[in-house]
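Step one of this worksheet: look at the structure below.
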Amino acid sequence: MIEPFLGTWKLVSSENFENYVRELGVECEPRKVACLIKPSVSISFNGERMDIQAGSACRNTEISFKLGEEFEETTADNRKVKSLITFEGGSMIQIQRWLGKQTTIKRRIVDGRMVVECTMNNVVSTRTYERV
């Protein structure tokens, strides 16, 4: 179930991302920069822990976690969140919670691409990545 996600991915398309990061509460200038960045994402698994590294010219982030166990994360926009990542129906589901708020990041593989659907309240952004 995890294997299709493993590897390095590059962003090839992004829909409604500015509205999503606005809904997260990201201020105007960093929001504009975030929309211009085309990050790469590397996902690995060592049998016990999963690692997700996201990198761009502006910022690199890395999380290391056990599936199904909550962990603390500092996001690319510097939010301090509690995250929980699980697998459901072939999708990797990440829920981030902070200050009474919640966002869901759903990753799935569609036709060899990784499709990432980010939802905050009623705002949805879809970002598509191709394997490098």
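Including glycine, each Cβ sits where the backbone N, Cα and C put it.
Copied over from Swiss-Prot, here are the features:
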MOD_RES   Ser13  phosphoserine
MOD_RES   Ser14  phosphoserine
MOD_RES   Ser40  phosphoserine
MOD_RES   Ser42  phosphoserine
MOD_RES   Ser44  phosphoserine
MOD_RES   Ser91  phosphoserine
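With respect to their backbone Cα atoms, Ser44 (phosphoserine) and Ser14 (phosphoserine) stand 23 Å from each other. For the modified residues Ser14, Ser40, Ser42, Ser44, Ser91, the largest tally of other C-beta atoms within 10 A is found at Ser14.
Ser91 (phosphoserine) is 19 Å away from Ser14 (phosphoserine) when you measure Cα to Cα. The number of other CB atoms found within 10 A of the CB of Ser13 (phosphoserine), across every protein chain shown, is 13. A Cα-Cα distance of 12 Å separates Ser13 (phosphoserine) from Ser40 (phosphoserine). A Cα-Cα distance of 19 Å separates Ser40 (phosphoserine) from Ser91 (phosphoserine). Geometry remark: Ser42 (phosphoserine) versus Ser91 (phosphoserine), CA distance 17 Å.
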